[in-house]
Amino acid sequence: MKLGEFADILPLSGSIAGETTISGLASDSRRVNAGDLFFALQGSKADGAAYAADAAGRGAVAIIARPGTVGDVGVPVIEADDPRHVLALASARLYGAQPATMVAVTGTSGKTSVAAFTRQIWEKAGLAAASIGTTGVVAPGRDEYGELTTPDPVSLHKLLRELADAGVTHASMEASSHGLDQRRLDGVKLAAGGFTNLGRDHMDYHPTVEHYHQSKMRLFKTLLPKGAPAVIFADDPWSEPTEKVALAAGLQLLTVGRRGTFLTIKRVEHERHRQRTEIEHEGMIYDIMLPLAGDFQVGNALVAAGLAISTGLPADKAVAALEHLKGASGRLELTGTTEDGAQIYVDYAHKPDALENVLQAVRPFTTGRVIVVFGCGGDRDPGKRPIMGEIARRLADVVIVTDDNPRSEVPAEIRRAILEAVPEATEIGDRREAIRTAVAMLNSGDTLIVAGKGHEIGQEIAGTKLPFSDHEEVRRALKERTA
């Protein structure tokens, strides 16, 4: 591709040769190849402008940077007010194709489930569908583990091109606040957007909850075209402010939930791992058995159904597909059962609202004790630690506080902050031992929640990521229990 083909994206001057061949895009100077455009992005810890000369030395044909941040480095410097936005558009231009119908969902909790459920609804209707998010990429013939909720623009558009080339026509993706704030989705052509809820999260990145909300609202304010559907869960404290944003942006507002008018929850009856749910849509009543536990999963399922319906799937097909949903990996996932029937769930809950939701979800079908094993991540919002401790104290009968990716922090200090709110908890720093202890104490009727990691397969300690899986540790503990 020639540099001139980016002329409507990049402010090219007469001194910059439009015939220059562009082989790729990079924002990390260490990954620059000859012929790449290098985007000097300002990060929280480093400024890409400081690495412009290194990028040029590695073969970059031009540097895109904020005005006045890069001097003479031997190759043309193209100044742009928002290099992140330009990178997203350039990535879309370079890779071109994407699945014809793309939807994105934002919110504090539930994004992974909604993206997965939307894909499953489309699949049930016979469509070639994919989902992209925290747990990775799932598509026909493809199931890859991932670590970023929203990939960087270059990786994202390369992936979208691969999916489109493979025949995928429909794709759902998570839109994290980081991803939205950092313009990673700015080149994606979206047909609809969804919102689940808003709670405390990423306070190490966002200065206030309001800033956090506004970052998420870029999905509705900026990325969706006017008239596009905005499917919003209506029963969250932040639903109304989100609805106002969607309306002000000229979007088609579709609300779901008990207060929802597009898909309305009329009745929910809990039956252990499933829920009989009555839903109203445009005067029609649908009675379905949702094979998932927890009120929050009903809301997630309806956001997914709303996204599928609003992008062209008949309502009866979308709602019928809800009876066949499978939970996303590590989302209230039944991982094991003891010989006397006590159940063990692994869940990704690593923030206050999510922990509260999952503990409330299992209470209706727990005849014995609710036991929870959890910790809080290091180098992340420290304010949530006592909040999560209080939630565990209030909603669980037995609490075991352990480590969960302490990173560069002293693990005992993280646990101490949690224990201030739940002093009666048992403290076991070794996560493997904490899970083993919890499984060993289970009696008939008990439910154990191992919270925090979900699908993750590592434990980050002092700069090293060690292999660790809550699923594997639960299974190992069950074997030891019956040995």
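Along the chain as shown, the residues are counted starting at 1.
Every residue, even glycine, has its Cβ placed from backbone N, Cα and C.
Listed in Swiss-Prot:
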- Gly107, Thr108, Ser109, Gly110, Lys111, Thr112, Ser113: ATP binding site (BINDING)
- Arg380, Asp404, Asn405, Pro406, Arg407, Gly452, Glu456: meso-2,6-diaminopimelate binding site (BINDING)
- Lys216: N6-carboxylysine (MOD_RES)
- 404-407: motif 'Meso-diaminopimelate recognition motif' (MOTIF)
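What Swiss-Prot annotates, mapped onto the structure for a quick look.
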| residue | record | Cβ contacts under 8 Å, 6 or more apart |
| --- | --- | --- |
| Gly107 | ATP binding site | Val114, Gly194, Phe195, Thr196, Asn197, Leu198, Lys216, Phe233 |
| Ser109 | ATP binding site | Thr196, Asn197, Gly199, Phe296, Ala349, Lys351, Asp353, Ala354, Asn357 |
| Gly110 | ATP binding site | Thr196, Asn197, Phe233, Phe296, Gly299, Asn300, Val303 |
| Lys111 | ATP binding site | Val105, Gly133, Thr134, Thr149, Glu174, Ala175, Ser176, Thr196 |
| Ser113 | ATP binding site | Gln297, Asn300, Ala304, Gly327, Ala328, Arg331 |
| Asp404 | meso-2,6-diaminopimelate binding site | His350, Phe374, Gly375, Cys376, Gly377, Arg431, Gly452, Lys453, Gln459 |
| Asn405 | meso-2,6-diaminopimelate binding site | Gly377, Gly378, Lys453, Gln459, Glu460, Ile461 |
| Glu456 | meso-2,6-diaminopimelate binding site | Gly330, Tyr348, Phe468, Ser469, Asp470 |
Whole-number Å distance between the CA of Thr108 (ATP binding site) and the CA of Arg380 (meso-2,6-diaminopimelate binding site)? 15
Please list residues from the chain of Pro406 (meso-2,6-diaminopimelate binding site) whose Cβ is under 8 angstroms from its Cβ, counting only those at least six apart in sequence. Gly375, Gly377, Gly378, Ile414, Glu460, Ile461, Ala462
Outside the motif 'Meso-diaminopimelate recognition motif' (404-407), six or more residues from its ends: residues with CB under 8 Å to it: 350, 374-380, 414, 431, 452-453, 459-463
Within 10 Å of each Cβ, count the other Cβ atoms, then let me know which of the recorded positions Lys216, Arg380 comes out lowest. Arg380
Please work out the helix, strand and coil residue numbers for the motif 'Meso-diaminopimelate recognition motif' (404-407) from the DSSP assignment. 0 helix, 1 strand, 3 coil
Which chain-mates of Thr112 (ATP binding site) that are at least 6 residues away have a CB under 8 A from its CB, listed by sequence? Gly133, Thr134, Thr135, Thr149, Glu174, Ala328, Arg331, Tyr348
As a test of reading the model: what is the averaged pLDDT for the motif 'Meso-diaminopimelate recognition motif' (404-407)? 98
Near the ATP site, what residues other than Gly107, Thr108, Ser109, Gly110, Lys111, Thr112, Ser113 in the same chain have a C-beta no further than 8 Å from the centroid of the listed C-beta atoms? Val105, Val114, Glu174, Thr196, Asn197, Asn300
Other than Arg380, Asp404, Asn405, Pro406, Arg407, Gly452, Glu456, the chain contributes near meso-2,6-diaminopimelate (Cβ within 8 Å of their centroid) the residues His350, Gly375, Cys376, Gly377, Gly378, Asp403, Lys453, Gln459, Glu460
So Arg407 (meso-2,6-diaminopimelate binding site), by the Cβ count within 10 Å over all chains shown, scores 18
